[in-house]
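Inspection log for the structure reproduced underneath, given as structure tokens.
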């Protein structure tokens, strides 16, 4: 079980809605993922149309929608998008994204913190996408964010946990859930994040662009569940300086030597 703000989730796999070939394929994949929190970009939603191709099908799934402010380049733009989402969708949850750099889509730490402080004061449940910066994540936590979402690698890169060392620090010191977001390109990456101690992962591109998005979504679901089960079972300590035999020697060999000398 994972609790963020006032909501409990049984799945630690969060998913996105971008890059799918069709809305029907998106829905099939999201169902296969078992995800209960699905993020969507406000810039892609037609709020004037009651039968929006993205929004209408998502509402049928019965999951929590997490509108994001992707496309915002400043705190002011992000706050405006969050307010618009609350009014249009009736949710006070928001994934805060501010990335002015259109090439690498790296989050702006200064604008993100500024927007987070404003939105928290306005009653939003804020989940900020941010760099894997332990100091920034702590500041966002102190500002009242319900979780932090540090990147594993640049958005859509599928490179995995390139920020692993910093993620470990963030996880170790966080008092709110840590959701690894961006760069997760394979189920093994998601498994690694959960085993590392992350509370959840958010995956979009790796599922949407797969040859079979439905099968890939199911694979990610199994990977995350496997990682959670492994953590519950208790992972063994790692040894770097020596090996430890799985079957320690007893007096067995000594007894054989004595018998050979008789």
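Just so you know, glycine gets a Cβ as well, placed from its N, Cα and C.
Features as listed in Swiss-Prot:
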type	residues	note
ACT_SITE	95	active site, schiff-base intermediate with DXP
BINDING	156, 182, 183, 204, 205	1-deoxy-D-xylulose 5-phosphate binding site
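Here the features listed in Swiss-Prot are painted onto the structure.
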{"residue": "95", "record": "active site, schiff-base intermediate with DXP", "DSSP (3 states)": "strand"}
{"residue": "156", "record": "1-deoxy-D-xylulose 5-phosphate binding site", "DSSP (3 states)": "coil"}
{"residue": "182", "record": "1-deoxy-D-xylulose 5-phosphate binding site", "DSSP (3 states)": "coil"}
{"residue": "204", "record": "1-deoxy-D-xylulose 5-phosphate binding site", "DSSP (3 states)": "coil"}
Sparsest Cβ surroundings (other CB atoms within 10 Å) among the binding-site residues 204, 205: 205
Winner by Cβ contact number (other Cβ atoms within 10 Å) across the binding-site residues 156, 183: 183
Rounded to the nearest Å - Cα separation of residue 183 (1-deoxy-D-xylulose 5-phosphate binding site) and the residue listed as 'active site, schiff-base intermediate with DXP': 17
